[in-house]
Amino acid sequence: MNHLNKLMERLGHQFNNLELLKIALTHRSSGADNNERLEFLGDSVLGFIIASELYQRRPQAREGDLSRMRASMVNGDELAQMSTKLGINEYLQLGVGEQKSGGKRRRSILADALEAIVGAIYIDAGLETCRRCVLNWYGERVDDLSKLSPKKDAKSLLQEWLQARRLPLPTYEVKITGEAHAQTFTVNCYVKGLPHKTEGVNTTRRRAEQIAAKRFLELLDDGKGDGITERDQ
């Protein structure tokens, strides 16, 4: 019995070309034949599938709201959690250094692997099979699309707050530390003419920027930062 059979059962697809699945599970630290190209493809396919569902289920929603709802469905946290739920982490092929540093638990690696698998299924069986698999993975979240709130992220809210007051847009200064396989991003957010300066630290640049933006909002007099998300939306 192939050791990938259990994973394919969880994914809901038996690959005709098993090599595609193997590549989708191979991180760049493990060799040249890795999942980066499949991840590139899968990112677009996944975005299209969710966008299509939102378009059909939310006929009254505006373009900006649809974009924010799609982003909340395909952000790194969401994909990493789904990847773990499907047990993809158990099958990842990592280089020795990445393996020792806990790569099988790293959010970005888990999310990228899921997108790569989406790309692999698309190549192996086409869009409709890929759509069926993806919607099955999301489960009840798909049924909730008709109720999903188009929550704005911190960076968008900060930009709107500043534009409404004819103030300059924020500047995000980024400092990167650590090895290539385990980078830490430190982002400082400030606005010319305002006294505030905030910092966000995370393993991805976008989340660090969101954290810094949220903290900046919380310093503003009207409490604009309350109840918003730091998620990478």
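Each Cβ is built from the backbone N, Cα and C atoms, and glycine gets one as well.
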- prompt: Which candidate from E39, E53, E179 does Swiss-Prot annotate alongside D112, E115 at the Mg(2+) binding site?
  reply: E39
Message: Counting only residues 6+ away in sequence within the same chain, which have a CB under 8 Å from the CB of E115 (active site)?
response: L38, E39, G42, D43, L46, L79
- prompt: Including all protein chains displayed, how many Cβ atoms other than that of E39 (Mg(2+) binding site) lie within 10 Å of its Cβ?
  reply: 21
Field: CB-centroid shell, 8 A cutoff, Mg(2+) site E39, D112, E115, site residues removed
entry: N35, E36, L38, F40, G42, D43, A111, A113, L114, A116, G119
- line: The correct DSSP tally for the domain 'RNase III' (4-126) reads 92 helix, 2 strand, 29 coil
Message: Applying a 10 Å Cβ distance cut-off over all chains shown, what neighbour count does D112 (Mg(2+) binding site) have?
response: 26
